[in-house]
Amino acid sequence: MKYPEIDKYAELDSLIHRFDPRAKIITFTILIFSFVFIEDIRIAFVSLLFSSFILLVSRIPFGFIFDRMKPGLIFVMPFLIVMPFALDGNVLYSYNGISISYDGLYYGSLVVIRAATSIMLTLIMLGTTKMDTTMKSLHSLKVPSPFVQTLMFSYRYIFVFIDEFFSMWTSMKAKGFKVKANKHSLSIIGNLVGMILVRSYERAERVYHSMASKGYTGESRTIVKFKMQTADYGLAAILIGTVLIFIIYGMSLS
Amino acid sequence: MKTAISITDLNYSYPDGTKALDNVNIEIEQGEKIVIMGPNGAGKTTLFLHLNGVIRAEQDNVKIFGNNIGSMKTEDRIREVGVVFAEPDDQLFMSTVYDDIAFGPLNMGLSEEEVDRRVKKALATVGLEGFEDKVPHHMSFGQKKKAALAAVLSMEPRVLVLDEPTANLDPKSRADLIRVINDLNKNHGITTVIAMHDINALSELADRVYVLNRSIVAEGPTRDIFSDHVLVKENNLDAPDIFKFFKIMKCFGGDCDQTPMSIDESVKELTQAIEALEGKMSLHIHESTHEMVNDVISSYRH
């Protein structure tokens, strides 16, 4: 079974992999929030190049990251398509009353570049740490427990749901079901999704019983063994320092 | 010998009013191996949830080593009874095997060193050394079953309750698991209560059998239970193949003192029977043999 594992390359060894997971979360969060507020497209583009450089250092295959960036990019791509037509400003090209504005193209591109940068950085952050370590880091960073537990169980059970979905899908195909663009197919797929929801509900109840049997009372207790090294402080300082340079340079341009 | 589990007049109905347990009475001694059998929907899982206090009985009618499980503190109740449910994916809810096995001990408030020791010991007991960092979706069903058992063993409970431990396992994994359960019972004094339909594993895992069908229908040694073919049929059960085979052999004149319940027992019984006949056992067909064989087969056929 091919699972959408985000931490498939978390076992590699690189500067980014060795970065203390808590420091990594904080530093990358600062990087992401700083880059999404960049107003100048040139600096935004440099920030995208800088993120690609971090990706190169992390040794995670580009293809792996780009594959996972696609859904996010498809979501923001309409901005690039719609904004040049919708936004007023310097007209680049006009035909039969439909005009493409420079400002629209500028801001549309800016949105896409910012999104690409932040998605890439998020994927590098998650891809260079094993998911359980990321959860433990969030826990030790005092992120509210219900949030961490929700994330943890979502990640744990997504694979179980994928297995359940495909076993039902295989069973449907074994009974001659073929997806067609008609009402019948839609209703069958609707039933399948409904069935997964019902099964999830039932499983949630069984998982809760199992947790209660092991003394769960709402608090998630876990063993965390992290230790910040000088190198972690150094890398955090370099990355945040670079961001500061981008911001200061951006401010000098405006 | 101490009484490990004492259930008196336990009743339970689902929120929609359906009766799940009706006047259930069970008494289990410390160190006993008990199997609970019954048709699907007989209330076995509901009974197990009462045993470790996840469902609290309205009256104080579930006692573990003399104490009412419903009024025990969480840390104490998980120290007494550990339940391994049928589906391992429901029990391995953490991201790694280590975290799953450490979950119970951490809730007991143990130190990190003690938790670590227990995790390693539990993994060694089930034969999964080196699986600490494995994620459940990379493990086989048999490995997940063993990890789910380890996640309960780490709490070092005095009573171990298992729901369908051998279901869907390949023969090797099934044999491994039976060996582990028996070792825990024999060498560590853990009382085991098992719900299962795997009748051919029964003799290895049961000193006594309870037949549950919302209420306790029958109780007794395995041989007595399976000798009552009406009881077996009425409760959707079946007798072990070897037991039925020796019943049939008896029709051909091959009689043993006791009808064996397992291969090991059959070797012992056959040897004794043949020795008593001075080294020779003869089987023969007489005029009523076929009729007797048909009676045996039809008495257990559903």
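Heads up, the Cβ atoms here are built off N, Cα and C, so glycines get one too.
Annotation source TrEMBL lists transmembrane segment at A:21-38 (among others).
What TrEMBL lists as transmembrane segment is A:44-66 (among others).
For A:73-93 (among others), the entry in TrEMBL reads transmembrane segment. Counting residues 6+ beyond its ends, the transmembrane segment (A:73-93) has Cβ neighbours under 8 Å at 99-105, 107-109, 111-112, 115-116, 119 in the same chain.
Feature annotation from TrEMBL assigns transmembrane segment to A:105-126 (among others).
Residues or ranges marked as transmembrane segment in TrEMBL: A:233-252 (among others). Within the same chain, residues 15, 19, 23, 26-27, 30-31, 34-35, 38-40, 43, 46-47, 50, 54 sit at least 6 positions outside the transmembrane segment (A:233-252) and bring their C-beta atoms closer than 8 Å to a C-beta of that stretch.
Within the chain, the transmembrane segment (A:21-38) has long-range Cβ neighbours (under 8 A, six or more residues past its boundaries) at 44, 47, 51, 110, 114, 117-118, 121-122, 124-125, 128-129, 133-134, 136-138, 140-141, 226, 228, 232-233, 235-236, 239-240, 243, 246-247, 250.
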